[in-house]
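Student: The following block contains the structure, expressed as structure tokens.
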Amino acid sequence: MRVNLFGCFRKRRNPETEPLLSEAGPSRSQNEQTQGNNGMAEIGVSQAALVEPRGEGGRKLPQYIAALTATLGALAAGSMLGWSSPVIFKITQANSTDYDFEVSQSQGDWVSSLINLGAAAVCFPIGLIMDALGRKKTMLCLVAPFTLGWLLITFATNVGMLMAGRIITGIAGGAFCVTAPAYTSEIAQDSIRGTLGSYFQLMVTVGILFSYVVGSYTSVFVFNILCTIIPIIFGIVFFFMPESPNFLVVKGRNDEAKEALIRLRGRNYDVDTELDTLINKAEEAKNNPVSFLSAITKKTALKAILICYALMLFQQLSGINAVIFNTSAIFASAGAAIPSAIATIIIGVIQVIATFVSSLVVDKLGRRVLLLFSALVMCVCSTALGVFFFMQGVHGPESSIVQAMSWLPLLSLSLFIIAFSLGFGPIPWMMAGELCLIDIKAFVGSTAGTLNWLLSFTVTSTFNSLNKSIGQGQVFWLFAGIMLVGFIFIFFVIPETKGKSVDEIQIMLGAEPQPQTNTTTTKK
């Protein structure tokens, strides 16, 4: 749980010089009371950082626990994504005994990629479902299809059952990609919202690494059983977590919302102020009803949609799948005598470590800085990979010029994975939760997820044919050009949302500042 401790080491907000627009800061007396603890806070290693009121006030530990529990669903989704890497190779072998039926290479390709179509199909309806049932109930309901899908995969008697299981697990995994980021963004205080939001991608990478390691060194049957257990564990643990206070207030369940805030912030936190803010916003929306079409076509909403969709586009067209697909070839090109299973595990470890680092710094450095760094480094690395494969195609793999630069692909691959995991891996998934108001959050998050999965399917299914038509080196240069465009887009369009409240973010998107009213209450 070291991530919990590090996630709280951040500069305090001074409510007298940096007032929030939508959330009342701590009182002057509270600030004066905490000044004496500055030295200890700067040193950092103290559970008081999570337990005692600091900065915004309230305990942070319950929020970390709720977010990590919610992202166990992302762990299940990650194991689903990584499953095909060790399994498809095994079951498509002529002498495979893992199933009682044969799986051809073309059938294996379909089994591998069908999860993308299942995920794309569910992303839009899941937004409507989670607005009707709530974030918590929706995620708990996803345990059933996840378990059913894995059971079909485990006990498949023909290729049709195997494909059906993959589609169903894809549906459940795609749904988690929408609901988990929405839930974590709504339970978190502004100062740790980025850290909690990055846990989703972190757990996805942990799930992928789990598949690489366990799937490579156990039988397919044992691996499938272990994957089946993960969503069941999630359902048991997440059952005890609170519902999103935002959702409860929108549904008029204010007493339940207050209890959820107390569970998430602690009883020493002034939940009434935050609850009043949520209630006022809900009442304003109720008293001034706006049609969905009007809500979605507002200037702020259109800019938020543009940013969310563009980030998903750049994420999938960054070449991440091309790099991962070429892992074994890149290791071999660098003269590293490493088996393909070990190579993929190494890449999985790099992804987990870099994503973990991102969770520590996203609320310190900010989203925009990490995205810019990610895009720039990935552009340079894709260019370098393109140069290597182009020279290899022109001069041959045994030529002296190619041998002289054999170190280049391995270095480029490692830096590419690190840069992706720091920025473009986790941040696009959290942006819908940060940029969008609750009335359009589910729609934008779900449609952005649909776009992401469709792009993933497109890139996955066309990569080999693209290599043959224009050349492997040219494909990487294409990805580099896309990331250059992404860098320019981020620089000129995307605002920094680090530590900003909902109202502050809307103003950054172009909304008119609202007159502030004094909602501070004196507590005895």
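Quick reminder: no glycine exception, Cβ is built from N, Cα and C everywhere.
Straight from TrEMBL, here's the annotation block:
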- 27-37: compositional bias 'Polar residues' (COMPBIAS)
- 70-498: domain 'Major facilitator superfamily (MFS) profile' (DOMAIN)
- 16-37: region 'Disordered' (REGION)
- 64-83: transmembrane segment (TRANSMEM)
- 110-133: transmembrane segment (TRANSMEM)
- 140-157: transmembrane segment (TRANSMEM)
- 163-184: transmembrane segment (TRANSMEM)
- 196-214: transmembrane segment (TRANSMEM)
- 220-241: transmembrane segment (TRANSMEM)
- 304-324: transmembrane segment (TRANSMEM)
- 330-357: transmembrane segment (TRANSMEM)
- 369-392: transmembrane segment (TRANSMEM)
- 404-424: transmembrane segment (TRANSMEM)
- 436-455: transmembrane segment (TRANSMEM)
- 475-494: transmembrane segment (TRANSMEM)
Student: Given a Cβ distance threshold of under 8 angstroms, which distant residues of the chain, six or more beyond its ends, lie next to the transmembrane segment (330-357)?
Tutor: 3, 82, 85-86, 198, 201-202, 205-206, 208-209, 212-213, 216, 323-324, 385, 388, 392, 397, 406-410, 413-414, 417-422, 425-426
Student: Take a look at 110-133, 163-184, 436-455, 475-494 and tell me which one has the most Cβ pairs under 8 Å to the transmembrane segment (64-83).
Tutor: 163-184
Student: Give the nonlocal contacts of the transmembrane segment (475-494) in its own chain as ranges (CB under 8 Å, at least six residues past its ends).
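Tutor: Tertiary neighbours of the transmembrane segment (475-494) are 303, 306-307, 310-311, 314, 317-319, 322, 367-368, 371-372, 375-376, 378-380, 382-383, 385-386, 389-390, 463, 466-467.
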Student: What residues elsewhere in the chain lie close to the transmembrane segment (220-241), defined as a C-beta under 8 angstroms and at least 6 residues from its ends?
Tutor: 65-66, 69-70, 72-73, 75-76, 79-80, 83, 86-87, 90-91, 98-99, 136, 139-140, 142-143, 146-147, 150-151, 153-154, 172, 207, 211, 214
Student: Sort out the residues at least 6 away from either end of the transmembrane segment (436-455), same chain, that have Cβ-Cβ distances under 8 Å to it, and list them.
Tutor: 116-117, 119-120, 123-128, 130-131, 174, 177-178, 181-182, 186, 246-247, 250, 285, 290, 292, 295-296, 300-301, 304-305, 308-309, 312-313, 315-317, 428, 502, 506
Student: With a Cβ cut-off under 8 Å, give me the same-chain residues at least six positions beyond the ends of the transmembrane segment (369-392) that come close to it.
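Tutor: Distant contacts of the transmembrane segment (369-392): 311, 314, 318-319, 323, 326, 330, 333, 358, 361-362, 399, 401-402, 405, 408-409, 411-413, 415-416, 418-420, 422-424, 427, 471-477, 479-480, 483-484, 486-487, 490-491, 494, 496.
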Student: Below 8 angstroms Cβ to Cβ, which residues of this chain, lying six or more residues outside the transmembrane segment (110-133), approach it?
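Tutor: Contacts with the transmembrane segment (110-133): 80-81, 84, 88, 103, 141, 159, 162-163, 166-175, 177-179, 182, 247, 442-443, 445-450, 453-454, 456-457, 460-461.
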